[in-house]
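Enquirer: Not my notes, these are from TrEMBL:
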TRANSMEM  59-79  transmembrane segment
TRANSMEM  91-111  transmembrane segment
TRANSMEM  150-168  transmembrane segment
TRANSMEM  216-236  transmembrane segment
TRANSMEM  242-261  transmembrane segment
TRANSMEM  309-329  transmembrane segment
């Protein structure tokens, strides 16, 4: 890269007012849609103080309405379909700046909180880095909006819109082929399916146990939408001719990953709502009255991670094998999930003690049976 090109990249990375307007409009829409559109009110997990938050699950309707409004804007000429892709680096730096500012505000307001509820009580360690990174409060709110749930929704939806903008750019360039279609279809299916089953998110570790700090804010708003679309950017600039056999194999990997990921998360969610609900047509087997040992959860202790890893791999395989760059997402996810699995194991061992030890004997495999 010559000096002029490097200077152009650095200039494009600078936050801009136009990118700030796009980000602010997007977040404002999500806040308004989340508050005003019809929703399913879902009770969250019981917190340590026996309280429960209730989540407005209307992400799918919010997404469909935004897609419709965007299509109308393109049709009337009010916006271009490539608006996000054209401002990719500006939006990245602007969103990063926003996430840093929000994280400092969460740290500051969290320390000043006098609430004693599990959601808003400060959990400060005294270490600025740790408290800023992991957060101080479990479920901070702003003007009635649960920020953790809101940021997760914003990141997942942004992932889809960046991809759609890249697809429009590929279409205008005449470079849409089998590889592009597979990548877009897999990601689109995954994201829309997430919003169809949005209530399942209320029983995940991020919602239940992780405090809201820079780690989650940056992860939701920056890392998910801007790094999970690396494959789309790669395909925009590199033509990949995917053989039919490779395409079929890619589809099989995606299907297996989806079935394991969605099936495992659904079983866990239903078990938490009704511990007697049948799993695979049989009464669930439970250890200590708390830990599910049936279905996918009798195969591996974190079998949903296996499904997630297969899905991540299927998103990258359409890019071929000429570069490791499109495989950043599955590589990162493998490292993250092993780290998270280790954290989960330590917390569960401390929380459930002998019950966890018994569970580990019944289900010895962590993620991949007979391997790990």
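A Cβ is built for glycine as well, from the same backbone N, Cα and C atoms used for every other residue.
I would like each feature placed in context: is it buried or exposed, what are its neighbours, and how far apart are things?
Expert: With a cut-off of 8 Å between Cβ atoms, the residues of this chain six or more beyond the transmembrane segment (91-111) that come close are 13-16, 19-20, 22-23, 84, 122, 124, 128, 131-132, 135-137, 140, 147, 212-214, 217-218, 221-222, 225-226.
Residues 26-27, 30-31, 34, 59, 62-63, 66, 70, 81-86, 88, 176, 180, 184, 187-188, 191-192, 194-195, 198, 201, 206-207, 212, 216-217, 219-221, 223-226, 228-229, 232-233, 235-236 of the same chain lie 6+ residues outside the transmembrane segment (150-168) yet bring a C-beta within less than 8 angstroms of a C-beta in it.
Among residues of the same chain six or more beyond the transmembrane segment (216-236), those with a C-beta under 8 A of the stretch's C-beta atoms are 85, 88, 91-92, 95-96, 98-100, 102-103, 106, 135, 148, 151-152, 154-156, 158-159, 162-163, 166-167, 169-170, 173, 175, 179-180, 183-184, 187, 206, 210, 315-316, 318-319, 323, 325-326, 328-329, 332.
When Cβ-Cβ distances below 8 Å are used as the criterion, the transmembrane segment (242-261) is approached by residues 177-179, 182, 186, 189-190, 193, 296, 303-304, 306-314, 317-318, 320 of the same chain, each at least six residues removed from its ends.
If you look at the transmembrane segment (309-329), the same-chain residues 6 or more away from its ends with a CB under 8 A from one of its CBs are 178-180, 182-183, 186-187, 190, 227-228, 230-231, 234-235, 238, 240, 242, 246-247, 249-251, 253-254, 256-258, 260-261, 337, 367.
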Enquirer: Taking residues 6+ outside the transmembrane segment (59-79), which of them lie with a CB under 8 Å of any CB in it?
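Expert: Hits for the transmembrane segment (59-79): 29-30, 33-34, 37-39, 153, 156-157, 160-161, 192, 194-196, 198.
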